[in-house]
Amino acid sequence: MASLDLGAAKETRPMRRDKPRRLPRALTTVFWFALAWGLLIGLWELGTAQGFLNDRILPPPSETIPFLLSGGANVGFGVQKAGLIDAVVVTLGRIAIGLSCGLGLAVLVGALIVEFVPARRLFMPIVQTIAPISPVAWIPFAIAIVGIGDPAAIFVVFMAIFGSMAVAAVAAFDAVPGEYVKVATTLGAGRLRIWFRVLLPGALPGIMTMTRMSLFGAWMAVLAGEMAGINSGLGYLIMMGQQMYNMKLVMSGIITIGAIGFLLDRVMLLIQHRVLWWERRT
Amino acid sequence: MTARTGAGIRPAIRFDHVSKAFDNRPAVEDIDLAVAPGSFTVLIGPSGCGKSTLLGMSAGLEPPTEGYVFVHDCEVKGPTEGTALLFQQHNLFPWMTAAGNVAFALENTGLSRRDARGEALRLLGHVGLGAFADKVPAELSGGMRQRVALVRAFALKPRLLLMDEPFGALDHQTRRMMQAYLLATWRDSGATVMLVTHDLTEALVLADRIVLMSGSPGRVTEVIDVIAPRPRDLADPALAAICRRLEAHLEAEAIRGEFGPDELARLGVLS
């Protein structure tokens, strides 16, 4: 997925520069995307039809995709019954909240670290230690503290991204050329104004990139959390599929994760272009 | 125009036995220098001789380790109103348009957003940049960027303009044009200018006074008054003589910086 994203990011610039070539280029991207997946799905279908692949473990696309689209991917019975859409909504909500909190606090802590020397000495060791902890490691702790459910999942997402985002925010602020701050100071700008009009916009490209990376981290963390005890959401759906030996359900979950992850990244790319408007105008 | 360095006038900048060290490494040592108000002073010297440090201290961005810096008879203790700063690059904020950059400075004086924008458009239009008001810096040429930066600096009517190799990144033609532009702007404003450069020609074209520095730690070696009418003709024998002096000094400094004394003895240079 990472290499695919890099390719797409590179293509966006020339596309904007010469508009006439934009449509064919976009079409080419879509064509290859469809072809690649068409081939893979075709081979999968062929493999199960010919008996190379066990269709009880790897049900063919001709069964999985209708199952996915028909809304048959349900978990539980009666009042506890939860459909695929519900699971997706639950999972996305957790990411949205966890990511927003993580981003907001990481930028705030990053700013404090950059602004105040004692804050750098005090917070930097903590942030650098939290950053490499696997989000999965927080799951038992989260469940013990806040119990099963949304708060635990949000906490896991938050812990997954906060450390690395704070470190990246500090790096982004530190990378803003010192001349900008000096110029703003001599132009009579106060410290707060320098933060909002100079340092924040100056660090925004770095912050946007780190947010896009963190989105992947959050996506992985929430699914892991849902598989490891937080009993709802898309990750839980897959676990249920395993426990009921419903491989169509498992495959549906996996396809949904891939598709939504891809779409989320596209959306982030659009937001990035919108927020960094001045970078598009060269 | 005659050199405005008359005695008895209170200096615009005065360095009083100023030393500055970074992490206990001396950058400049025992600088004693007075800059006449309304004059154009050029600091020249090898890389790392503390030219930029002197500018930074004059702007109040960093305090001296020893001694005092006075700007218009007030000790500099922080950024002072009436002092503008221009670098070689990173002057304009890339996330603001040309007008936005100028308005940013005006808003700092308490002007409302709308008034600041109106005034910014007027100032840019005044110097023929009206058509570029809504362009971001990346869409402007290097020369235009520095012109917008100058417009912004002069928008606050500074009495002191500090410039750190402002035209270093420009091509030869653009640089000459910008030098003429700067001289005209300076003449109209009556501000004091202190400019750092590596370029001898630039020093000779612009300066009332050239302050020659030597490196590690930085000291003032020589102060040369350039008394010649502007626009300057570099073929003028007096200027050519100054140029040779500067060249000899800078070459000696460069060699001293690059080679140790033993190596110099082996090479037989400066012996």
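Any Cβ shown, glycine's included, is placed from N, Cα and C.
Per TrEMBL, the features are as follows:
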type     : residues  : note
DOMAIN   : A:84-272  : domain 'ABC transmembrane type-1'
TRANSMEM : A:23-44   : transmembrane segment
TRANSMEM : A:95-114  : transmembrane segment
TRANSMEM : A:126-146 : transmembrane segment
TRANSMEM : A:152-173 : transmembrane segment
TRANSMEM : A:194-210 : transmembrane segment
TRANSMEM : A:216-237 : transmembrane segment
TRANSMEM : A:249-271 : transmembrane segment
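Between the transmembrane segment (A:95-114) and the stretches A:23-44, A:126-146, A:152-173, A:194-210, A:216-237, it is A:152-173 that has the most C-beta pairs under 8 angstroms.
Remark: the transmembrane segment (A:152-173) contacts the transmembrane segment (A:216-237), by the rule of 3 or more CB pairs under 8 A. The stretch from A:23-44, A:194-210, A:216-237 with the most CB pairs below 8 A to the transmembrane segment (A:126-146) is A:216-237.
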